[in-house]
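Annotated features, as they stand in Swiss-Prot:
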DOMAIN    30-225  domain 'Lon N-terminal'
BINDING   Gly376, Pro377, Pro378, Gly379, Val380, Gly381, Lys382, Thr383  ATP binding site
DOMAIN    612-793  domain 'Lon proteolytic'
ACT_SITE  Ser699  active site
ACT_SITE  Lys742  active site
Amino acid sequence: MLDTEPVDMIPLITPEEEAEMDKEEFPSVLPILPVRNIVLFPGVVLPITVGRQKSIRLVKKFYKGDRTIGVVAQENQKSEEPSFQDIFKVGTVAKILRMFVLPDGNTTIIIQGKRRFKIEEQVQDEPFMQAKVSMLKDIHPDMSKKEVKALLQSVKESATKILKMNPEIPQDAQIAINNIESENFLTHFLSSNINAELKDKQKLLEFDDAVERATWLLQLMDKDIQMLEIKREIHTKVHTDIDQQQRDYFLRQQIKVLQDELGDFSSEQEFERLKEKALTKKWSDKVRAHFDKEMSKLQRVNPMAPDYPVTFNYLELLVDLPWGENSTDNFDLVRAKEILDEDHFGLTKVKQRILEYLAVLKLKNNMKAPILCLYGPPGVGKTSLGKSIAKALDRKYIRMSLGGVHDESEIRGHRKTYIGAMPGKIIQGIKRSETSNPVFILDEIDKISKDFRGDPSSALLEVLDPEQNSSFMDNFLEVEYDLSKVLFIATSNALDTIQPALRDRMEIIEINGYTLEEKIQIAKKYLIPKQKEEHGLKAKDISFTDAAIVKIIEDYTRESGVRNLERKIGAVVRNIAVAIAMETAYTKKIQPAQVREILGSEDFEKDTYQQDDLAGIVTGLAWTPYGGEILTIESIISKGKGKLTLSGQLGDVMKESASAALSLLRANVDAIGIDHRVFDHFDLHVHVPAGATPKDGPSAGIALYTSLASTFTQRKIKPALAMTGEITLRGKVLPVGGIKEKILAAKRAGIKEIILSKKNKKDIEEIHPPDIADLKFHFVETADEVLAIALLKQKIKKPFNLEVPEEPKKKDK
């Protein structure tokens, strides 16, 4: 049971009585009475109602004796049966002046504080608490000091100010303060009656120095004055607000009447509209209960309150979202294939996968949508393919660009508690589509970044997991939403920058760059008609020859896709549009000569194979983000001491390939026919031209090995031959990537034969046969097979002299 708060009592003691209290002797073992919310100070008289059985036994026993007890404040306010661990260690010796037993069984005592003490040791806990204590002495200040006088005067002034500001304090208190003669008792009296927290009052009691106690008391009183001033301001503002609210009420009533007259929507009409839309939604019981709860909350909120628009917008989102409202898929596979072929040339793998999905969906209507990732170089039609897929399926199309997204809230949304909160881009996109099964393009998923605000790619893990996205939780939405019917298609230029866990959730479909023949067909079927239409030209106004298209592709673009090709075609079409608009003569059939006249000098120099009667010149093949290229590797020797020099801005992997090739060559000197001494008497320099362009990767391994073998044997290299493959110290030839792009680059450069690893044969089978009809392939497993094909028996016309002079024999002494 709680001990009650002290009632207002204004006792006065004289300095003489205070001096007698300081001299009074008290027993070293005292019964301890724990009290709540009360700190008793020496000299102060307080009434206390005692309700605990332990406390009642203690009071009744010692009231019959010398009436001396120890009063200690309870530190743990929640404890109903406090122990020594639940009370403070400093308390006040008290004399029980009076005791009253009330009809309800409670006992009220009037006590007066005498001396401060500190609990040293626990003596007993039953039938009441007893402890061994030591008395604490007060350090009294020199009252003649100006600082002490000023401090006490400030305390009195603050007390007077509180009395004037707080109407609940009796006016007699001011008279009592004025009549207190003892400065020490004045601080005790004010400390007991100040409006402060229990821990602050206990701190006042524990001070030994009276000056420190008065200083801390003054700080608490100043804080109390500040609180009273704030209360007064609030009280004044409340009265003003009530008047304003009454005025607003009458104005709103007038506005309501005017709205009814004009036919405008009122809040009640908005509520009815939301409820009517809610009845049409296919919600689960949980979502419907959540809507009803938020709706009930909105109806209780003042329309002028800041929370009103947030809650209203939230409810609008709930009723505007499509919940299980799927568009009807068109299961005509022939039509779907025609649409995909009509909009995009090639891309066989992707088209086949979409047709498979549509076929399975036709057989099993509740199939979860796949998560596809179209991976390939820029400009090959990854993003635009999404539109064609949506068109083929008769679904809505939504696109979200992830490039530069660095805030997790862009995916999951913000919580409603934040100002300007809104749902994430996923939920926003679903709302715009008005269906639960759109085609959703996540563009540039490899370009997501992260910072201190979170990792968006981690947030996408839930979105792109077919096992989890049926219960996607948006922070703003606060209820689960089913994304399992959404056909997510991500696009990416690279895979290494995508988080591994995210990459694992997607079905990766690689889209390679277009061949020259494919680009010609794309230009004729798609790009040229599109540019004519965009620039207002008719079909008969202009036509391109195949040679003109090839000229644009080879001399003015260098890319795997067709973006720049479209720009250059657009430039030619615009030039013709100017001629038509100005009614000047022009050539309707565009030839290569007209292309150069309109576009100017060639932007790129075409890679062509150049045959040289030199040793060590080998044609390798390289892959770039813009397609394949031929890579010339040169090596030369000069007299020296076996120094190896590598140049051409080679990366670490390519340098290691050169070192491995040289080591393998030195290990096979006998089989190849090289004098092992040449490695110590000649310096070797390997160079890869286009020194400003960084080059790296292991695919030049066999080309480097062939170049070194030709240099140290001075034998010719087979003409019109190119090669690509990684080499090992055991002489094995390993497969490499980018085969399609490399093969097409070799064909454009005039290469006739190509050496590849035997394990790359499967890559050749995926290339359209007409594209490689004029090429001969050699599939090898070892470096010896490479040299057998690449090195001719005859030497070059002017071979370098590799003879090493015999060292003179040392004579025996």
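Each Cβ is built from the backbone N, Cα and C atoms, and glycine gets one as well.
Feature annotations (Swiss-Prot) mapped to structure.
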residue	record	CB count, 10 Å
Gly376	ATP binding site	22
Pro377	ATP binding site	21
Pro378	ATP binding site	17
Gly379	ATP binding site	20
Val380	ATP binding site	25
Gly381	ATP binding site	24
Lys382	ATP binding site	26
Thr383	ATP binding site	17
Ser699	active site	28
Lys742	active site	28
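Taking the Cα atom of each, Val380 (ATP binding site) and Lys742 (active site) are about 17 angstrom apart.
Counting only the Cα atoms, the space from Gly381 (ATP binding site) to Lys742 (active site) is about 21 angstrom.
For Lys742 (active site), the spatially nearest entry among the binding-site residues Gly379, Lys382, Thr383 is Gly379, judged by CA separation.
Across the structure, Pro378 (ATP binding site) and Ser699 (active site) place their CA atoms 23 angstrom apart. Between the CA atoms of Gly379 (ATP binding site) and Ser699 (active site) there is a gap of 25 Å.
When the alpha carbons of Lys382 (ATP binding site) and Ser699 (active site) are compared, the span between them is 27 angstrom. A straight line from the CA of Ser699 (active site) to the CA of Pro377 (ATP binding site) spans 19 Å. Cβ atoms within 8 Å of the centroid of the Cβ atoms of Gly376, Pro377, Pro378, Gly379, Val380, Gly381, Lys382, Thr383 (the ATP site) belong to the same-chain residues Leu374, Thr491, Asn493, Ile511, Ser560, Gly561, site residues excluded.
Mapped onto three states, the DSSP output places Lys382 (ATP binding site) in helix.
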